[in-house]
Amino acid sequence: MSDIAALPIGIFDSGVGGLTVLKAVRERLGTESLIYLGDTARLPYGTKSAQTVAAYALEASRRLVSYGIKALLVADNTSSAHALDALRAEFPGLPVIGVVEPGAAAAAAASARGRIVVVATESTVQAGTYPRAILHSRPNAQVTQLPCPLFVSMVEEGLVDGPIAEQIARHYLEPLFSGPEAADCLLLGCTHFPALAPLFRRLLGPDVAVVDSASTTAMVIEDLLALRRLKTPGRGPGAIRYLATDAPERFARVARVFVPWPMEASEIESIDL
Ligand code: DGL
């Protein structure tokens with residue numbers, strides 16, 4: 001087993017939502033150590049331009065790489081949509097995995113008739129990376145993208161169920177999932193949206209596949225580590241280190257929406273990029 005296998009996996013997000021990806025990785029690869037960096041000082045990324053998102057993603061990733069990591073997981077959908085090529089060019093030899101390709105491939109496979117709706121941030125929608133990746137796997141798919149900025153704030157407020165969440169979800173989704181042209185697959189193209197998956201499943205019914213990029217990305221990283229013989233030699237639960245560029249108290253509070261384990265502000269290291 002190489003020394004590299006003992007290194008942690010670096011996970012990067014614009015803020016706290018990427019903990020959905022960390023949770024999915026933890027569930028599949030519990031013995032791996034993880035370092036999570038949330039760029040809370042500069043979020044949201046989802047309203048920013050491609051250039052700004054790519055510059056921020058590079059800075060944050062350089063920091064993670066400086067700690068020594070065996071793989072870089074870009075949990076942030078907006079950075080995955082805009083910056084993956086730049087990150088792969090910056091760190092040749094380091095496996096760099098984004099959430100877009102795994103999510104798109106899973107949606108292409110899960111959709112019965114190939115009518116897929118991608119919900120994401122404005123900036124991810126503008127990048128057009130999800131439709132390109134879906135069409136790569138399934139060339140005759142009909143892909144509709146929908147920016148849903150309200151879902152992000154809703155989830156951070158803990159509104160993942162109940163009448164307000166339901167009304168906003170209906171507002172965005174009902175027009176696309178009703179009538180003869182109704183879509184049959186909803187792809188959750190944003191870190192925060194897995195928290196809303198139970199609500200979406202209830203509203204859309206059993207004939208609509210709700211696909212989340214977080215869990216499919218965790219499967220991809222497991223396969224990749226196995227293929228490169230980079231799985232940790234450790235046996236017990238791997239350590240998790242949390243870094244944030246601002247507001248550790250808020251990080252710890254909002255984290256409760258995304259992960260089931262308790263988190264205190266004192267566990268979050270403040271860093272500057
Ligand atoms: N993490 C972002 C994403 O997955 C959502 C929050 C933000 O806009 O920064 O696209």
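Here the Cβ of each residue, glycine as well, is placed from N, Cα and C on the backbone.
Here TrEMBL flags ASP13, SER14, TYR45, GLY46, ASN77, THR78, THR191, HIS192 as substrate binding site. Sequence annotations record features per position, and here TrEMBL assigns active site, proton donor/acceptor to CYS190.
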Exercise. So how far apart do the substrate binders ASP13, SER14, TYR45, GLY46, ASN77, THR78, THR191, HIS192 get, largest Cα to Cα in Å?
Worked result: 13
Exercise. If you draw a 10 Å sphere around the Cβ of THR191 (substrate binding site), how many other Cβ atoms fall inside it, taking every protein chain shown into account?
Worked result: 33
Exercise. Do you know offhand how many angstrom separate GLY46 (substrate binding site) and CYS190 (active site, proton donor/acceptor) by C-alpha?
Worked result: 9
For this session: May I ask you to report the DSSP-based helix, strand or coil state of the residue listed as 'active site, proton donor/acceptor'?
Result: coil
Problem set entry | Fewest other Cβ within 10 angstroms of its own Cβ, chosen from the binding-site residues SER14, ASN77, THR78 | SER14
Exercise. Around the substrate site (ASP13, SER14, TYR45, GLY46, ASN77, THR78, THR191, HIS192), what further same-chain residues have their C-beta within 8 angstroms of the site's C-beta centre?
Worked result: GLY15, GLY17, GLY18, LEU43, PRO44, ALA75, ASP76, SER79, THR121, THR124, VAL152, CYS190
